[in-house]
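Working notes, beginning with the structure itself.
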Amino acid sequence: MSTNLQSCPICKLLLLFILQCIITTTTVAQAPAPAPSGPTNITKILEKAGQFTTLIRLFKLTQVGDQINTQLNNSNQGMTVFAPTDNAFSALKAGTLNSLSDQQKVQLLQFHVLPQYLTTSQFQTISNPLRTQAGDSASNKFPLNITSSGNQVNVTTGVMDTTVSNTLYTDGSLAVYQVDQVLLPMSMFGPQSPAPAPAPAKKKKSGADDDTPATDDSSPSADASGAVGSGGHVRGMIVGSVGVIVFIALICL
């Protein structure tokens, strides 16, 4: 029987085919199924890219990172994030972050987030200034302007200028771009308008009695001075009349 199988070419081909099927089936059964992709997580994206420790810490501290994840995973609205590197934060003036209130830290991070998904090619056709998650894009608030020249994308805030140096992540709903400077908004880091000068205080006339009621020109009240003069005149008349009467009485006696 074995001699017949070895001498039969067709039998050899069938045997090889059966063995190949068994091997393939066993290999497929043992291969692990691909893990399902989890929800988008901006923190994990930055951790994988490296050199974004400060930004990750701020995202966690202010919960802006959670807000980004929630919005991405629960709506169809895309987002674009500009991610400053650790070196970008280190280049800030000493004490800059510590001088900001909690609300200002939130606004600073939101200024790096656009509520729309933008590819590098779309940067060439957008209208400036762009509205960020920080809010008002007026010239003295949170303006963000992006221009593109060839492959270079420039970002300006009115306080500083930088360029997009790398594309860290893009999936059709979230785009994360590396920038080498922290984007500083005008409302927090721009020139502050001077405070209005206080109104000049009215000066009192030299030598005036502080307790004496005064008119606008600091002179004593006319009613008060008139009353004093009138009272003195009446007393003088009474004293004079009494003196005349006494003189006449002495003559008669």
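Glycine residues also receive a Cβ, built from the backbone N, Cα and C atoms like all the rest.
All TrEMBL annotations are machine predictions without curation.
Computed from a predicted structure; not experimentally measured.
Residues annotated as compositional bias 'Low complexity' in TrEMBL: 215-227. Look at TrEMBL and you will find 39-183 tagged as domain 'FAS1'. For 190-229, the entry in TrEMBL reads region 'Disordered'. As annotated by TrEMBL, signal peptide applies to 1-29.
Taking H, G and I as helix, E and B as strand and the rest as coil, DSSP gives the domain 'FAS1' (39-183) the counts 46 helix, 38 strand, 61 coil.
Mean model confidence of the domain 'FAS1' (39-183) amounts to 94 (pLDDT, 0 to 100 scale).
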